Each structure stands twice: as structure tokens, then as C-alpha cells.
């Protein structure tokens with residue numbers, strides 16, 4: 001018999017060659033080609049004019065709420081100490097006009113939004129694209145069969161191209177992979193910071209309208225009103241946006257029309273000469289006059305493009321053409337008119353800059369506009385909070401966030417989720433920021449810092465996307481990167497001047513979340529690497545015999561493991577300490593792939609481990625970062641359906657082979673390589689003939705062996721399906737590993753701090769696996785073990 005080491009080495013080699021594959025894909029290739037053609041037609045179809053207009057209208061409420069409420073507080077944060085020269089208003093307006101043109105319009109709407117992952121946007125979508133085009137995933141649980149998924153779309157490039165050189169450079173050292181992951185996590189943490197700061201500044205700015213009509217009112221009253229609105233906003237999150245979402249689009253559309261109309265009125269009434277701000281000459285004059293103060297005021301100008309990152313993150317809800325139409329036809333012109341109208345008012349009322357928005361509203365419509373402004377601020381806050389939930393779910397799928405409860409609030413839209421723990425943390429931090437600063441200026445400084453860092457991260461990721469995915473010429477990539485960095489680094493340098501005036505807040509919040517996310521990911525990787533190195537060899541399993549050296553009791557045991565290959569160490573730990581094991585053992589691996597979704601008919605991969613009379617199987621359930629993972633009765637039913645289908649297919653394919661050798665798990669015999677192309681039409685199951693057991697002729701050590709069912713394994717007439725069904729009816733036991741990892745004694749102090757304290761604390765407060773898998777206590781068996789990493 002081959003030694004365990006040799007078997008494991010061959011196992012790894014064969015798995016790298018593709019030990020598993022989708023039977024439907026291999027046996028029914030024409031159907032896949034047709035499906036791919038239909039999918040491409042669907043993606044490229046032209047929307048009718050009426051449908052496009054309707055989708056563009058609906059996108060206003062979801063995508064543009066945050067960007068649309070910026071006129072509430074931009075001028076206040078740009079001139080926190082008042083306006084010395086009316087010409088400065090023209091310069092600030094010119095900066096706002098070109099900021100809106102360069103960043104949201106040109107960069108995001110027409111370039112960045114095209115870098116989507118099958119319609120999904122955000123930093124994790126960009127990272128998923130990169131993970132498919134280069135081997136940069138830090139958890140090595142990917143398999144070649146994953147690349148054959150219909151949603152695992154990627155392009156190829158020439159071996160000597162610049163893209164290939166970039167790919168090899170990224171893959172060369174683990175440090176570069178980790179650096180890229182940290183970059184993505186930093187961007188994610190800043191988006192979480194946006195989820196805290198957007199409600200704070202939007203609601204506080206909208207509530208400030210009360211004080212304009214009642215000048216003697218204390219600022220504390222405005223803060224109390226804002227806090228009450230925030231508490232109500234976060235308390236209603238568990239209902240989801242589906243029930244109130246129908247209000248979003250009309251509120252935001254009415255808001256844009258109002259601010260645009262008020263802008264036209266103010267330009268006509270006060271000073272139409274502000275339109276000369278469309279000339280960039282006034283930007284130069286503004287900086288020449290203001291010098292250092294003019295430069296630092298860019299932190300306030302920056303707030304005019306806040307919400308742009310949410311535009312990309314919320315891309316999944318609507319087609320790109322609808323989002324482009326809504327921005328170019330409604331948002332962009334209305335925002336330009338709103339800022340121009342406020343500038344025209346300020347030209348003659350420079351002392352009203354603190355409340356520029358509300359002061360510029362005609363008195364006859366003041367209170368209706370105040371109500372709409374408050375509703376628009378709530379919509380903007382809702383969209384940002386929902387985006388925060390979504391990005392945390394993506395981080396959870398990537399193994400970068402502790403296990404938290406995820407509630408799906410809508411049966412129609414799987415993207416609408418609610419995370420209770422995060423919701424209350426956001427509420428507490430948001431109220432702390434609002435009550436702590438009590439003014440828009442310092443919150444605005446914090447907000448600008450978070451937004452500009454997210455934009456810098458997006459630019460760096462887009463550089464890699466343009467090289468590896470789009471295969472752009474390096475000169476085009478260089479032009480895009482340099483122009484983007486010049487603009488964004490200019491804003492970033494201005495934001496740095498205000499770190500002591502509130503700009504430190506998002507950095508502290510991001511640092512806390514970065515520590516949590518990176519330490520959790522580090523612990524996850526270390527645990528996975530240890531399990532990979534300590535997995536049980538098949539030689540040891542085979543040496544135990546069909547009964548595995550124990551009493552085989554009726555029933556099915558589901559052993560949950562993170563390993564997609566090999567027998568986990570928890571199994572040997574279990575059978576070493578217990579005298580009995582179930583008649584059928586299924587090793588279940590749930591893993592997430594860098595794709596937005598995995599189709600239902602491609603979700604499960606089933607393999608047999610060892611000879612048939614061992615009754616041991618592996619089932620790998622694959623999910624995308626947007627998929628709804630139902631780890632309950634529905635999941636268990638689908639698992640068994642695929643297992644039974646595998647057994648039926650295997651018995652059908654047994655007649656195609658006359659080999660008297662069986663192949664181990666992941667080990668491919670020469671005969672299976674020759675006969676692996678046997679076809680069976682229209683079978684929808686992930687199945688591997690290379691890893692299945694070929695019909696076995698007489699073997700001395702396998703005759704007359706008694707299994708737990710009381711039947712002789714040598715009797716080939718025994719119906720395995722009947723046996724599996726009887727075991728299932730007897731009962732299913734879920735076996736979970738309660739693994740504790742600790743740093744070795746000789747480890748450095750920072751590793752001990754990360755593993756023994758921070759990771760251990762996070763693991764203690766996060767949700768248990770049994771809760772995540774929704775396993776009833778009466779059928780749960782926890783197996784504890786300690787790993788020293």
C-alpha cells in the first residue's frame with residue numbers, strides 16, 4: 001500500500017489538475033454554450049425607453065440620496081470662519097463645479113461603474129474580480145473546478161503581456177497579497193465610517209432648519225431633535241427598506257427638483273454673474289487670494305462629492321445605463337443649479353454662510369422644503385446604512401469579519417439585509433458623534449477624511465483592474481491613475497490640515513475596525529493552514545478497515561469542516577476518543593468564492609472517500625458573496641438530494657468501467673483518466689468520476705466484512721440508496737469542531753497578543769457555528785481541540 005505521505009502528495013497534485021468538475025459542464029457542453037449565449041444576450045439587451053426611464057427614476061432614491069443632500073452643508077464647511085471677499089464664493093463654486101464634473105461624472109459614472117462584477121459594485125467587487133484574474137486570495141481553499149462555474153467569468157491574456165507581468169508580480173510574494181487585502185479592508189473600514197458619519201451630518205444639517213426660523217433657540221435643542229430622528233431611524237432598520245422603499249424615489253426626485261428650482265430662482269433674483277464660475281480661471285484666483293486658507297477649504301469643497309462612493313457600491317440594484325441617465329439628466333444639473341443659487345445668495349448675504357441653504361429658501365415654501373430636506377436626509381442615511389450592512393456581509397464571506405447574525409428583510413430582494421449587532425453599534429457611534437461635536441463643521445471634516453480615503457483605495461484598485469481585467473495599454477492606465485491621484489491627493493492634503501478639528505474621528509473608527517477585521521482574518525488563515533497540514537492521510541483511514549476500527553451505529557453523521565480536500569484532523573480526534581461512529585459519514589464544507597453568486601444547480605460538489613463499504617462522502621457547498629446561505633432544513637434537504645443523485649449516477653457509471661482498482665479521494669487512477677469522459681446527457685449534478693470508486697472485483701480483505709447495517713459488504717446486490725435512506729430516517733447528527741487556536745510559546749509578542757487575546761476575545765463574543773448553521777441542540781455534537789499555531 002502506498003504510504004500516507006505519497007498519497008497526500010498525489011492527492012494534492014491531482015487536485016491541482018482538477019480532481020472535481022461539474023458533470024453537467026463536462027457531459028452537456030452544448031447546453032452550457034447556449035446558456036452562456038443567452039446570458040450574454042440578456043446582459044447586453046437594450047432596455048426600452050419607458051423601462052429605462054422607470055429604472056432611472058427608481059435609482060434616484062437608492063443611489064443618489066447621499067450625494068443629493070450635500071447642498072445642506074457644503075458652504076458652511078467651506079467657509080467656517082465666514083466670507084472675507086465675495087469673489088471667494090465664485091472660486092468655491094468653480095471648484096464645486098469641476099469637482100462634480102471630474103469625480104462623480106467622468107470618473108465614477110462613466111469609468112469606475114464599468115468595472116463591476118456582473119453588476120455588483122464596491123471595493124469587494126473589485127477585489128473579487130482581481131482574485132479571479134490572479135491568485136491573490138489569502139485563504140488557499142480555491143479549486144480548479146471553481147473556475148468552471150458559469151459566473152466565474154474572467155479574461156485571458158498573453159503570457160508576455162504587461163498584464164501577465166503584473167499578475168506574476170502580484171503573486172510572487174505573500175506580502176503583496178496581504179498588502180492588497182489590507183488596502184481593501186481599509187476602504188471597507190472607511191465605508192463603515194461613512195455609515196456612521198452620513199446619518200450624523202445629514203440629519204443634524206436638516207434639523208438645523210428649525211433654528212433658522214427660531215434664532216433664539218439653543219443649539220442643544222437641534223442636537224436633541226437630530227438624536228431622536230437617529231434613534232428612530234436605526235430602530236426601524238429591522239423592517240428593511242422594502243416596506244418604505246416606495247417612498248425613496250419620489251422624495252429624492254422632489255428634493256432634486258426643489259433645490260434645482262430654488263437655485264434658478266436665486267440666480268435670477270440675486271446675482272446671475274455667478275455663472276462665470278464655469279471658467280476655471282477663478283480657481284486659480286481663489287487659491288492665489290486665499291493661499292493656505294484657500295487650500296484647507298478644499299476639505300469643505302470635498303463634501304460636494306460625498307456619496308459618490310455609494311453610487312458605485314449600490315450599483316447592483318439597477319442597470320448601469322439607468323444610473324448614468326439619472327445622474328446626467330437629473331442629479332448633475334440640479335446640483336449645479338443648487339450650488340450656483342446658494343452662491344448667488346451669498347454674494348449679497350455673506351454673513352449668512354452658516355445657514356446658507358435654509359436662508360436662501362423663499363419664505364413662502366420654507367417649511368415644505370424643511371420637511372422634504374429632513375426626509376431626504378433620512379433616505380440618504382438609510383442608503384448608507386444599508387450599504388454598510390452589505391459590505392460587512394461581503395467581509396464576512398471573505399473571512400474578514402467575525403460571525404454575526406444576518407437577517408434578510410425581503411423575500412424579493414436578497415440584497416436587503418439587516419445585521420442587528422452592527423446596527424446598534426452604528427447607532428451608538430452615530431449618536432456619540434452627533435452629541436459630541438454638536439456642529440456640522442467638525443463632523444464635515446471627519447466625513448471628508450473618510451470619503452477621500454475610499455476614493456484613493458478605489459483608484460489604486462482600478463489601476464489593477466484596468467491592467468488585469470480590461471487589458472488597457474499601460475499608457476492609458478498611467479494617465480487615468482495620475483489624473484485621479486492628482487485630484488484626490490490634493491483633497492487628501494487639505495483634509496490632513498483638519499485632523500485636529502474632527503478629521504481624526506474616521507481614522508480612529510477605521511483603525512478599530514481594521515484591527516478587528518485583520519486579526520480575525522489572520523486567525524482564520526492560521527487555523528486553516530494548521531488544518532491543512534494536520535489533515536488525516538487516506539492510508540490511515542484505509543488501515544482502519546470498513547468499520548474504521550469502531551462500532552458503526554445507524555444514522556448519518558455530518559462533519560462540518562473548512563477543508564475542501566482531505567479528511568480533517570477533527571475526525572481522527574473524534575474517533576480516537578469515542579468508541580462508535582455513524583454508518584454514513586459526510587464531510588460538509590461550506591466555502592465562499594470570489595463571485596457574486598453561484599447558481600443553484602452548480603452549488604454542490606459530491607465525492608466519495610475510500611471504498612463503497614466505508615460509506616464516507618464529501619460535500620462541498622459553494623456560495624458567492626451575495627448569496628443567501630440557508631443553513632437549515634432546506635440546506636440539509638438539498639445536501640441529501642445531491643448525495644443521493646451522486647450515488648445513482650455512480651451506479652450508472654459503474655458499467656462504463658472494468659477496472660479492478662479503486663481510486664482514493666482526490667487520487668486519479670490511469671483508467672479513470674482514460675474513461676472520465678463517459679457521457680450522460682442532461683444531468684444536473686456536480687459530480688466527479690475521477691474521484692468516485694470504480695467497480696471493485698474480489699479483494700481478500702474486503703470479503704465477508706460486516707458493516708453497521710448488518711449486511712455483508714461483499715453482497716453487491718445491496719441497494720445503497722435504500723441503506724442511505726434508512727440511515728437518514730434513523731437520525732442525522734451534526735458534528736462541529738470547537739477549535740481553539742493559541743500561539744506557540746516561542747511566538748513573538750505581537751502574535752501572542754493577536755491570537756491569545758484579540759482573536760480569542762472576538763471568537764468568544766461572536767456567534768457560535770451551531771447558531772449560524774441553525775442546528776438543533778438535540779442533534780448537535782461539539783468536538784473540542786486546541787491548535788498551536
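Every residue, even glycine, has its Cβ placed from backbone N, Cα and C.
Among the ranges 1-20, 21-40, the stretch that TrEMBL annotates as region 'Disordered' is 1-20.
Within the listed segments 126-144, 145-163, 202-220, 221-239, TrEMBL records transmembrane segment for the stretch 221-239.
Among the ranges 298-320, 413-435, 620-642, the stretch that TrEMBL annotates as transmembrane segment is 413-435. Among the ranges 647-669, 670-692, 693-715, 716-738, the one that TrEMBL lists as region 'Disordered' is 693-715. By the Cβ criterion (distance under 8 Å, sequence gap of 6 or more), the transmembrane segment (89-110) is counted as touching the transmembrane segment (325-345), at least 3 such pairs being found. Within the chain carrying the transmembrane segment (178-201), a Cβ under 8 angstroms from the stretch's Cβ atoms is held by residues 66, 73, 122-124, 126-127, 130, 136, 138, 170, 226, 230, 233, 306-307, 309-310, 313, 380-381, 384-385, 387-388, 391-392, 395, 400, 426, 429-430, 433-434, 440, 443-444, 446-447, 450-451, 453-454, 457-458, 460-461, 464, 505-506, 509-511, 513-514, 517-518, 521, all 6 or more beyond its ends. Taking every recorded stretch in 47-65, 325-345, 365-392, 503-520, 580-598 and counting its Cβ pairs under 8 Å to the transmembrane segment (221-239), the highest total belongs to 365-392. At the 8 Å Cβ threshold, with sequence separation of at least 6, the transmembrane segment (365-392) comes into contact with the transmembrane segment (413-435) through 3 or more pairs. Listed stretches 476-497, 503-520, 580-598 were compared with the transmembrane segment (447-469); the greatest number of C-beta pairs under 8 angstroms is found for 476-497.
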